[in-house]
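> First the structure, which I've put down as structure tokens, then a few questions once you've had a look.
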Amino acid sequence: MSTPRQILAAIFDMDGLLIDSEPLWDRAELDVMASLGVDISRRNELPDTLGLRIDMVVDLWYARQPWNGPSRQEVVERVIARAISLVEETRPLLPGVREAVALCKEQGLLVGLASASPLHMLEKVLTMFDLRDSFDALASAEKLPYSKPHPQVYLDCAAKLGVDPLTCVALEDSVNGMIASKAARMRSIVVPAPEAQNDPRFVLANVKLSSLTELTAKDLLG
């Protein structure tokens, strides 16, 4: 019989979990692609990009519809700048975020953020919502060889928190993020978007919620 693991830290994803930014990333991506003359009506030809780093998404577009002019890195920077601008305009904090972070603190957990988005965006978003002081460590996959579903960003966040990945619970909204956290051997809580709630792949998670407002101490600690 296995011994229940002791949970010492909670690590949150950002896009789609803390802020409703996935539609904003999509809008930023399509705005920039359209400006390059790319046929954005072919968006459905791309594989599932939810939770992927934006440079990986840009590479997928380029492989199907190469453009002339700006480099892929320049295009990535344009999409990021546009996404940040849209977040600042709309301030899309999702329900239950403050309460979820507070619950983690009440349970004595360290709190981290592990995201595919750039580090300066993580800082900006947390500061925007007065949450920066609640997070003990931030980890971004922007400069890593591989982003989610690779586990490295979760392993990096655990290292920054000074804890073993086995003592972490990860909170995610995407399949790619869930796979990353499970590959890091963490307890997994998923809060899928309504349209993804019935995705059978989420059976891999330890807990599935429809909103962070439902989060309990038992969900966190097991």
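Start at 1 and count along the chain as shown; that gives each residue its number.
Even glycines carry a Cβ here, placed using N, Cα and C.
Take a look at what Swiss-Prot says about it:
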BINDING   ASP13, ASP15, ASP173  divalent metal cation binding site
BINDING   ASP13, MET14, ASP15, SER115, ALA116, LYS148  substrate binding site
ACT_SITE  ASP13  active site, nucleophile
ACT_SITE  ASP15  active site, proton donor
> Which one of the binding-site residues (ASP13, ASP15, ASP173) has its C-beta surrounded by the most other C-beta atoms within 10 angstroms?
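Within the set of binding-site residues, the most crowded position is ASP13.
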> Fewest other CB within 10 angstroms, which one of the binding-site residues MET14, ALA116?
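Each of the binding-site residues MET14, ALA116 was scored by Cβ atoms within 10 Å; lowest is MET14.
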> Report the largest Cα to Cα distance, in Å and rounded to a whole number, among the residues ASP13, MET14, ASP15, SER115, ALA116, LYS148 that the record lists as binding substrate.
13
> Identify all same-chain residues not among ASP13, MET14, ASP15, SER115, ALA116, LYS148 whose C-beta atom falls within 8 angstroms of the centroid of the substrate site's C-beta atoms; report them in sequence order.
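What remains near the Cβ centre is GLY16, LEU17, GLY51, ALA114, SER117, ALA141, VAL153, SER174, GLY177.
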> Measure from the Cα of SER115 (substrate binding site) to the Cα of every one of the binding-site residues ASP13, ASP15, ASP173, then give the nearest.
ASP13
> Can you give me the Cα-Cα distance between ASP15 (divalent metal cation binding site) and LYS148 (substrate binding site) in Å, rounded to a whole number?
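Distance between the two Cα atoms comes out at 13 Å.
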> Show which residues of the chain containing LYS148 (substrate binding site), separated from it by at least 6 in sequence, have their CB under 8 Å from its CB.
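In sequence order, the residues whose Cβ lies under 8 Å from that of LYS148 (substrate binding site) (at least 6 apart) are GLY51, LEU52, ARG53, ALA116, ALA141, SER174, ASN176, GLY177, ILE179, ALA180.
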